[in-house]
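Engineer: Sharing the features that TrEMBL gives for it:
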type	residues	note
REPEAT	12-44	repeat 'ANK'
REPEAT	45-77	repeat 'ANK'
REPEAT	78-110	repeat 'ANK'
REPEAT	111-143	repeat 'ANK'
REPEAT	144-176	repeat 'ANK'
REPEAT	177-209	repeat 'ANK'
REPEAT	210-242	repeat 'ANK'
REPEAT	264-296	repeat 'ANK'
REPEAT	297-329	repeat 'ANK'
REPEAT	330-362	repeat 'ANK'
REPEAT	363-395	repeat 'ANK'
REPEAT	396-421	repeat 'ANK'
Amino acid sequence: RNDVETNMKDKDGWTLLWWAVKNRYNTVVKLLLENGADLESKDKNGRTPLGWAAENGHDAVVKLLLEKGADLESKDKNGRTPLGWAARGGHDTVIKLLLQKGADLESKDVDGPTPLGWAAENGHDAVVKLLLEKGADLESKDIYGRTPLGWAARGGHDTVVKLLLQKGADLESKDVDGPTPLGWAARGGHDTVVKLLLQKGADLESKDVDGPTPLGWAARGGHDAVVKLLLEKGADLESKDVDGRTPLGLAAENGHDAVSNDEYGRTPLWWAARRGHDTVIKLLLEKGADLESNDEYGRTPLWWAARRGHDTVVKLLLEKGADLESKDKNGPTPLGWAARGGHEAVVKLLLEKGADLESKDVYGQTPLGLAAEKGHKAVVKLLLEKGADLESKDINGQTPLGLAARGGHDAVLKLLRNSRQ
């Protein structure tokens, strides 16, 4: 009769042992166990007292139940074991107790996550560390095809991401919808996680089933810090999703100026000019982008396009009236930088617009001096044809002829000498 009363259930399927476990009445739990209480009685959700104690981190109760032989692998209606519940809740002391008894590291519930997956999803780094030390499978996937790294990245759990990356987790694992861990981190605006993944070499241009790259997702969500990290790594501003939308298009569609001026003054136009993305430049100019926006060093979009030799971009900016004579802190104008880089097509465009042949940088060098010093014969010829001064001197008293001689550029030296005659 006593056993019957001890194991009677209420409407929720709870016995006296259940109630004692829930309320952490350890002495009562011990007494009930000594008097035949059913260790494996299940509530209406199919959970045993051990499952409940594990979920709620009642380590002393867990220890008592384990000593009496409670079933480590009992599953509730969701297919979750006590280890799964403890991992989900981040109860590392309970995890240790269960692992010492040999709990199955790879048990899965109906949705597929293993204990490691649950711990990673919820950012429980101490539990993740314990499970990894015991050899938990890094690449186990749930029914969505998502790995522990995917879940940790999605949740922005940078410490967990670090632990998984240190163990060699697959950076490019994709779930059924296609996002990689980088895609999930970018989508959620988790810049610290994005940075960690980029440092490990994550693919910038990975696409999900709808087509957006990590940059597209970050722009769509208005996650400025993530957008800037991806752009700095060279993410493609012109990548398109399945509907043909670029990251900038997604940002505009969702009301975000996702790459607005950062703390260094860099704008979308600045980035596009630097990278030579003429299609993006057109779009930005149509939207009224500021031609003269400059960064902390005074470098404008035209400055960058000229320096990098992006002639199509230079042409677009000049047509809109960009300042030919804008200078950075070191003084060279766009013509100076184009000459220094040997970008003949850009030099032609700037000269056609009337760029100042004799503008000097802080070292007193003219475009001709810069081109001569670097040995760019075609550019030197163009500048000479426009009447550039052969005798201009820099702050060290060097003429273009002297600079060409110092650099050992014989062809340029010959051209300059012939022009003197």
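Quick reminder: no glycine exception, Cβ is built from N, Cα and C everywhere.
Any TrEMBL annotation is an automated prediction that lacks curation.
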Engineer: Residue list, the repeat 'ANK' (396-421) vs rest of chain: Cβ under 8 Å, 6 or more residues beyond ends.
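Structural biologist: Cβ under 8 Å, 6 or more out: 363-366, 368-369, 371-377, 380-381, 384, 388, 390.
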Engineer: Pull the DSSP breakdown for the repeat 'ANK' (45-77) and write it out as helix, strand, coil residue counts.
Structural biologist: 16 helix, 0 strand, 17 coil
Engineer: Count up the helix, strand and coil residues in the repeat 'ANK' (363-395) according to DSSP, in that order.
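Structural biologist: Secondary-structure breakdown of the repeat 'ANK' (363-395): 17 helix, 0 strand, 16 coil.
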Engineer: Who are the chain neighbours of the repeat 'ANK' (363-395) in space, where the CB to CB distance is under 8 Å and they lie at least 6 residues beyond its ends?
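Structural biologist: Hits for the repeat 'ANK' (363-395): 330-333, 335-344, 347-348, 351, 357, 401, 403-404, 406-409, 411-412, 415-416, 419-420.
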Engineer: So how many of the residues in the repeat 'ANK' (177-209) end up helix, strand or coil by DSSP?
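Structural biologist: Result for the repeat 'ANK' (177-209), in helix, strand, coil order: 17 helix, 0 strand, 16 coil.
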Engineer: In the predicted model, what is the mean pLDDT computed over the repeat 'ANK' (210-242)?
Structural biologist: 84
Engineer: Kindly report the helix/strand/coil residue split of the repeat 'ANK' (111-143) according to DSSP, in that order.
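Structural biologist: Tallying H, G and I as helix, E and B as strand, the rest coil: 16 helix, 0 strand, 17 coil.
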Engineer: Please spell out the DSSP helix, strand and coil residue counts for the repeat 'ANK' (330-362).
Structural biologist: 17 helix, 0 strand, 16 coil
